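Engineer: A single structure is presented below for examination.
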Amino acid sequence: MAAPKVAVVGAGVIGLSTALCIAETCPSCSVTVLSDQFSPNTTSDVAAGMLIPHIYPGTPIHVQKQWFKETFTYLFAISNSAEASEAGIHLVSGWQVFKNSPKEELPFWSDIVLGFRVMSKAELQKFPQHQFGHAFTTLKCNCPSYLLWLAKRLKATGVQIYTRKVTDLWELHSEYNVVVNCTGIGACQLVGDEKIFPVRGQVLKVHAPWVTNFIRDGDGLTYIYPGMHNVTLGGTREKGNWSLAPDPGTTEDIFDRCCSLEPSLRGAQDIKVKVGLRPSRQHVRLQKEVLSRGGIKLPVVHNYGHGAGGFSVHRGTAKEAARLVGECIAALQGSSSRAKL
């Protein structure tokens, strides 16, 4: 068969990184990204971009650990390269603090981040309301910069990127051999997935250059993440809330919570409010499916539903999706060679 044509639907961090992995692992493919929304208007643009995993209850821990390890290794290499600044990736050290000691002293990812250890009593004095904590160094991603960097890499690899609203995956069957669905919360309508739901996140971006260490409350709800250009203060987890309008009361609550962890933030300037809808599921949907109509078949690979943890596992799940695309192409090539016989 001619060069297989693959369409990736969705241009957030999952869609762009999946397209890049397909282009890297299957150079004979023609890869196209289709989306009606691009940076700076994607959910990924609002993400804090900290590599601290979130648990997916329906996914085995060893699988989640592999996804995180592959993502951390990939971004760590970029952070040590001349492209670190353009890609928006840097190391950041800090603390995760708990009011009560957690059930597990060591999270599953403790040997992947750098220098993970239990906080000393002297360090904990900074957080009088907390009695236990972890100190470690991880990676932080300036998401809009990273999305632009990914798009640049895609174009350099020969991937086509088009603005197009796809309302039914089947509409692509006459143009592409394999379709990859990376539409996040859009999968709710696009493929009728009733297992996906929005978890609304509101964050503040503030100018506070003196804040250089991250601080994260153990429940994951209150956090201070310093980046290259601003500090992200969060947050909220509002399950089932579809509103993208900033809520002033929530802004005040986030600011007060973060100031209780880091009082110097009272002097923060230039406060901007961002809202995103995390595409959440019990587990990431990462699987093959074959759509069929009138004897015609369209192989589809789904890669969506990463919730609040997309940046922490994006490269790992993209590699897995690319492997599944490779299986689809091998099956197509096998059937076309059998047809010739």
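One is the number of the first residue shown, and numbering goes on along the chain from there.
In case you wondered, yes, glycine gets a Cβ from its N, Cα and C as well.
What TrEMBL lists as FAD binding site is THR43, SER44, VAL166, THR183. Among the features that TrEMBL reports, D-dopa binding site is placed at TYR223, ARG278. Residues or ranges marked as domain 'FAD dependent oxidoreductase' by TrEMBL: 5-324. Per TrEMBL, the feature signal peptide maps to 1-19.
Can you tell me where each of these features sits in this structure?
Structural biologist: Of all the Cβ atoms in the protein chains shown, 19 others lie within 10 Å of the Cβ of VAL166 (FAD binding site).
The 10 Å shell around the Cβ of ARG278 (D-dopa binding site) contains 24 further Cβ atoms across the protein chains shown.
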Engineer: Excluding near sequence neighbours, so keeping only residues 6 or more apart in the same chain, what lies with its CB under 8 A of SER44 (FAD binding site)?
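Structural biologist: When sequence neighbours closer than 6 are ignored, SER44 (FAD binding site) has GLY12, VAL13, ILE14, CYS143, LEU147, GLY310, PHE311 within Cβ distance under 8 Å.
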Engineer: Mind looking up the mean pLDDT for the domain 'FAD dependent oxidoreductase' (5-324) in the predicted model?
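Structural biologist: Per the prediction, mean pLDDT sits at 95 for the domain 'FAD dependent oxidoreductase' (5-324).
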Engineer: Please report how many Å separate the Cα atom of VAL166 (FAD binding site) from that of TYR223 (D-dopa binding site), as a whole number.
Structural biologist: 36
